[in-house]
Amino acid sequence: MPIPTPYEDLLRLVLDRGTAKSDRTGTGTRSLFGQQLRYDLSAGFPLITTKKVHLKSVVYELLWFLRGDSNVDWLHRHGVTIWDEWASDTGDLGPIYGVQWRSWPTPSGEHIDQISAALDLLRTDPDSRRIIVSAWNVGEIPRMALPPCHAFFQFYVADGRLSCQLYQRSADLFLGVPFNIASYALLTHMMAAQAGLSVGEFVWTGGDCHIYDNHVEQVRLQLSREPRPYPELVLAHRDSIFDYTYDDVVVHNYDPHPAIKAPVAV
């Protein structure tokens with residue numbers, strides 16, 4: 001049975017048909033709008049194999065989001081530096097993802113824990129069409145070091161299986177999207193475990209899907225490689241989604257091609 005390669009297929013599509021566009025960083029891109037990838041999470045964990053993805057950074061970043069944190073100090077203590085380019089001298093990033101997920105401010109001065117609210121709905125009203133978590137808080141964007149690229153996500157339950165769809169307004173296909181796919185697939189596994197559900201699909205929807213001009217050669221190298229089977233995720237039991245640690249996330253049989261370095265557009 002052939003290995004599904006929706007991510008690599010999108011890379012090819014953008015290389016072949018993407019429109020040349022300028023961008024905020026001044027780097028230049030090839031871009032397509034409104035693309036979608038689908039992964040059956042019961043068939044394997046969607047960690048890209050055509051280049052090595054740094055799983056440690058994926059896991060610690062997600063745990064950092066779930067902590068409601070927005071300072072890179074905790075990431076640094078665990079050897080993760082992926083947010084350093086945007087952090088202030090004190091390590092602060094403003095009210096980014098984790099703050100919005102766990103402590104969305106209300107006009108009355110209270111705060112909403114969107115992750116806990118989503119879990120409550122999954123347990124009590126799994127057919128709800130309102131199981132959504134948003135990081136796109138328009139009133140707080142000016143205070144964020146970087147406006148959310150992966151802006152909001154929705155959960156959907158059918159036949160005891162939990163699926164998640166992410167909307168990513170801005171998608172750096174070579175560097176960012178492999179991280180995002182793995183991160184939200186892992187989050188879906190965690191939410192499913194906490195709600196007593198099996199995993200269904202992870203659906204990634206991208207707005208501006210782009211390859212930076214200085215990533216084109218790296219993308220061509222990646223696409224020259226033969227994809228390998230996806231690994232298996234084993235997640236330890238925890239009583240709360242906020243109790244997971246790095247050691248609770250084990251990936252078996254990950255056999256990727258070597259990593260490919262590329263500059264980050266800041």
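Backbone N, Cα and C atoms are what each Cβ position is placed from, and that goes for glycine too.
When ASP127, ASP172 are compared with the (6R)-5,10-methylene-5,6,7,8-tetrahydrofolate site residues HIS54, ALA265 in Swiss-Prot, the one appearing in that site is ASP172.
Around HIS54 ((6R)-5,10-methylene-5,6,7,8-tetrahydrofolate binding site), a 10 Å sphere centred on its CB holds 14 further CB atoms from the protein chains shown. The binding-site residues ARG24, ARG130, HIS210 differ in how many other CB atoms lie within 10 Å of their CB, and the one with the most is HIS210. Cα of ARG130 (dUMP binding site) to Cα of CYS149 (active site, nucleophile): a span of 21 Å. When the record's (6R)-5,10-methylene-5,6,7,8-tetrahydrofolate-binding residues HIS54, ASP172, ALA265 are compared pairwise by CA position, the greatest distance found is 18 Å. Of HIS54, CYS149, ALA265, all annotated as recorded positions, the residue with the shortest Cα distance to ARG24 (dUMP binding site) is ALA265.
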